[in-house]
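For reference, the structure I am asking about is given below.
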Amino acid sequence: MFDKHTHTLIAQRLDQAEKQREQIRAISLDYPEITIEDAYAVQREWVRLKIAEGRTLKGHKIGLTSKAMQASSQISEPDYGALLDDMFFHDGSDIPTDRFIVPRIEVELAFVLAKPLRGPNCTLFDVYNATDYVIPALELIDARCHNIDPETQRPRKVFDTISDNAANAGVILGGRPIKPDELDLRWISALMYRNGVIEETGVAAGVLNHPANGVAWLANKLAPYDVQLEAGQIILGGSFTRPVPARKGDTFHVDYGNMGSISCRFV
């Protein structure tokens, strides 16, 4: 595993790429011995940089929750990242496209916690007991590293994505909040419209068989670092659609049926 100085240097590179709105060479090309543990250490350093600049931690995201995405990334479990206070947008927002590099939208459910959740041995039932409400959420993902390196043509790896805050860049909350036992969360479905055309559909059971399973997984994953999910935090449970590119001028409307809808426009 690399030393802390190296983790900080990599985090600073990613931070500069985000601020300059310019993709950089994949971290794993310059640091071929990087491990998953290194990647999360880089992510923690990146979060520390942001907090030092005045940001606050508002929650966490879970990604790569489908078997297909895990297989394509050559890992056997999800990944996770941090949600900061300046990442959140309201339903109906005009989202500044120029703030991002290659923004894409995913359909998710967010769990807002009323009680702390701590692993190990956290279960789906513990998640239900700790959750205040569940609300529709769109995750705005972005990439500060090239997907395909222009020089070598090598694709980025999961180490690059994890280091890059698991590709998170924004969150749009909306729709109707519900108590976790008000509906069978597995059967919550959504239709994603971009410019009036359905681009993606999905059902929440596609996230680890149940959207609350990802929250339990995260609590258990963070336990060795003596980190718990705190009351009031927002946890994005994972996407149940493929990501859809968001371009300047695009309007998104995502219909969650009984849970309402979320709309936003990229300007």
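Each Cβ is built from the backbone N, Cα and C atoms, and glycine gets one as well.
Pulled these from Swiss-Prot:
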BINDING   E106, E108, E139  Mg(2+) binding site
For E106 (Mg(2+) binding site), which of the three DSSP-derived states applies: helix, strand, or coil?
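Going by the DSSP assignment, E106 (Mg(2+) binding site) falls within a strand, counted as strand.
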Applying the rule Cβ within 8 Å of the centroid of the Cβ atoms of E106, E108, E139, what extra residues of the same chain belong around the Mg(2+) site?
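What remains near the Cβ centre is K61, I105, V107, A137, L138, L140, I141, V171, L236, G238, S239, T241, P243.
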Looking at the binding-site residues E106, E108, E139, which one has the fewest other Cβ atoms within 10 Å of its own Cβ?
E106
